[in-house]
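In case it's useful when we look at the structure, here is the feature table from Swiss-Prot:
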TRANSMEM  27-47  transmembrane segment
TRANSMEM  97-117  transmembrane segment
TRANSMEM  128-148  transmembrane segment
TRANSMEM  166-186  transmembrane segment
TRANSMEM  204-224  transmembrane segment
TRANSMEM  266-286  transmembrane segment
TRANSMEM  308-328  transmembrane segment
TRANSMEM  347-367  transmembrane segment
Amino acid sequence: MSSGLDLELSFSQSLQGLGLSPQVAHLIWLPLPMLLVLTAAMVGVLVTVWLERKISAAVQQRIGPEYAGALGVLQPMADGLKLLVKEDVIPVRADGLLFTLGPVLVLVPVILSWLIVPFGQNLLISNVGIGIFLWISLSSIQPIGLLMSGYASNNKYSLLGGLRAAAQSISYEIPLALAVLAVVMMSNSLSTVDIVAQQNGAGLLSWNVWRQPVGFLIFWICALAECERLPFDLPEAEEELVAGYQTEYAGMKFALFYLGSYINLVLSSLLVAVLYLGGWGFPIPVEWLAGWLGQSVDAPLVQVITGSVGIVMTVLKAYLLVFLAILLRWTTPRVRIDQLLDLGWKFLLPIALGNLLITAALKLAFPVAFGG
């Protein structure tokens, strides 16, 4: 298997070629990954918001954004600028500190979770070795921010929305974690890079979605619930709770919730692509591509092609799932809160636990096929 492109090593060697010491080159590199994450997340949000507006318009037989740039591509930027210039209001009887801290606790863990998303063998910010555990830990912080925002607003609709959001997130966090553990068990690693590498043996046929179809469905349903997408948008049901925990927010604080929701949707889609759809992997083995080019797998030309196409493959798989999530918004009705909790605790949790046990049994019975 090709070792891929090591961005940090290439960047460091380039700076050392200009006469800088390795220590200085490392210091210059340190802020760049976070800037890259923020840039990728913001671009992902802009593209997703534009897609949602255009797809929603197409479903409703409308045109959608048209005048803000070609095909309305600048409309998301106009929305962001509008929120930036709006007045930042804190209700008189609200808890100012918690009211401000809530949106931050919602957004920051989602952005930090992007650190573990690999776009290639070495095209990721941090291969910590326990990336899946880190992501689950960070995602468990978000309900605290949602509940804090609802409580601090001193508004009954906000409080009910915060309680719903916390209950929903906790209910679906457990089956989601169990579904991921089945994949971890097959790959024998908590590293997202190792999980993708484990799926690159036979191209399309080695993707985890074929060995974990139940886990794939559980993960996707739970991811939609975690992102509060229809049919699971109970925390901000307009007909019942005005805007849920966001009711009293305006301006930049509201924009943080807005960003967090869409960044989380793109992140969830990327993780589905990484865990179940082969990540950056080709539908065909890399060895075949190298053979057609008459090069070795480790040749620079093959590394550049696989690195570039790997990024495209990861993004395409993720946005296919984003497209599906947007379509589901307009084709499924909102469930009731009791149905939401019943689905999580009485249906998805037992199935996820059973899927984990069956995966363990298959791993023992068929170690070659299930990563023994």
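Glycine residues also receive a Cβ, built from the backbone N, Cα and C atoms like all the rest.
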With a cut-off of 8 Å between Cβ atoms, can you find at least three pairs linking the transmembrane segment (204-224) to the transmembrane segment (27-47)? Only pairs 6 or more residues apart in sequence count.
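Stretch pair does not touch.
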Of the stretches 27-47, 97-117, 166-186, 308-328, which racks up the most C-beta pairs under 8 Å with the transmembrane segment (347-367)?
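Between the stretches 27-47, 97-117, 166-186, 308-328, 166-186 has the largest tally.
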Using Cβ atoms and a strict cutoff of less than 8 Å, what residues sit near the transmembrane segment (166-186) while being 6 or more residues removed from its termini?
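Here the qualifying positions are 132, 136, 139-140, 142-144, 146-147, 195, 198, 208, 211-212, 215-216, 218-219, 221-223, 225-226, 228, 232, 234-235, 275-276, 340-341, 344-345, 348-349, 351-353, 355-356, 359-360, 363, 370-371.
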